[in-house]
């Protein structure tokens, strides 16, 4: 199985930069699988910031839903960076799709890859319980998704203030 | 003194599962001390999920307020799992009871136990400052309570994505 | 260069106590640089609590904006405790000042100090995305500021339940 690395952390914790550095250190063509959809100015600014930081030398793919397919289609080329599981989960939930079978598909795909995959995700459960029921459901789903990916990953890192803590 | 273990982490971080595994690895009758009160559908679903996961072989006790008494009454039988301090604190605060002397009673009880105790708690202070004053007061109380229990515990673990980090 | 230590963590995680203990262990006159402004009762209570805990033997300076100047003016006396970067950032943002050049000035000042500096900051990015745009901007700025200070610090500690985890 290709090496699977999960990089998790808070918003603006430096997890994407760290995940990019992990991918850049691996041989082969680097593939960036973006789950973000540039639907508002804030998101467009964030995406532009990430593209500028990565620089040239990356193949970029936009895939808001079918991560399993994107991984299968790019396997064998080189290391893939999936940034990020949180937006992927949000895309599924806003489209009223059940995230749990989609997570099964993702995990099955990760298990059959030959090239490495680095996945970025967010910690969203360390604040006060949200008053909004959808936010609570999202928080639960994100926590369970992170646990499932972490359970099958070869390495898990938790990033705080740009510095990785090895969890596994 | 019986061994005291604090397991803390975010919502849906896998802390209850991890705490259950710690208790299950200890000899003697396993006692589950539940602080949750099944007052709405969301909470009932969460409790049912936890009961299903634990399986048989646990004595279950519901105790929303008097944790010191519940610990004293079950001491000597085997390891106890207290799940969780966050709901206990919420029960106290919603009943307009001062949590601080209750925390003193809990800590005094922990110090006199002969059988081990594993306590689950939440990290709630790593989001943006809540706009609601009650939420801010809760966040403060939870942080102070965690510090007090951690200071006297023999072991403290911080769970992220299902993986424990040893803090003490 | 004087030793620079960043102590980060959630609200009520015990980070200020831990940072004070780090400063107290260093030789020389201890200087407390407070960024809080006692503008409401909640903040006044918090400040009084911190002052009571520190006890005598500290020189206290209030500096809501010009941290670089405060550091330069107190260099050579002994270790300084800056508590905290989160309130400093909030002061800048509520005054409509751009935090990024201010962060450059702070980092340049840190790099030229001869006496040690311990800085306290908050993790605010591990909750659900705030609905409020200003809260999102604050969360981003705090995350970036923590990364920048962490990158140049000699030591970084993450405090959970009063217990420090060494990140760097």
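Including glycine, each Cβ sits where the backbone N, Cα and C put it.
Long-range C-beta contacts of residue C:36 (GTP binding site), restricted to its own chain and to partners at least six residues apart, with a cutoff below 8 Å, comprise C:43, C:46, C:47, C:62, C:64, C:83, C:84, C:87. Feature annotation from TrEMBL assigns GTP binding site to C:9, C:10, C:11, C:12, C:13, C:14, C:15, C:16, C:34, C:35, C:36, C:62, C:83.
Taken from TrEMBL, the feature active site, GMP-histidine intermediate applies to C:50. For residue C:50 (active site, GMP-histidine intermediate), the Cβ neighbour count at a 10 Å cut-off comes to 17, with all displayed protein chains included.
It is C:11, among the binding-site residues C:11, C:13, C:15, whose Cβ has the fewest other Cβ atoms within 10 Å in the structure shown. In the three-state DSSP scheme, residue C:36 (GTP binding site) is classed as coil. Spanning the listed GTP site, residues C:9, C:10, C:11, C:12, C:13, C:14, C:15, C:16, C:34, C:35, C:36, C:62, C:83 have a farthest Cα to Cα distance of 23 Å.
Secondary structure from DSSP puts residue C:50 (active site, GMP-histidine intermediate) in a helix. Cβ neighbour count for residue C:9 (GTP binding site): 29 (other Cβ atoms within 10 Å of its Cβ, all protein chains included).
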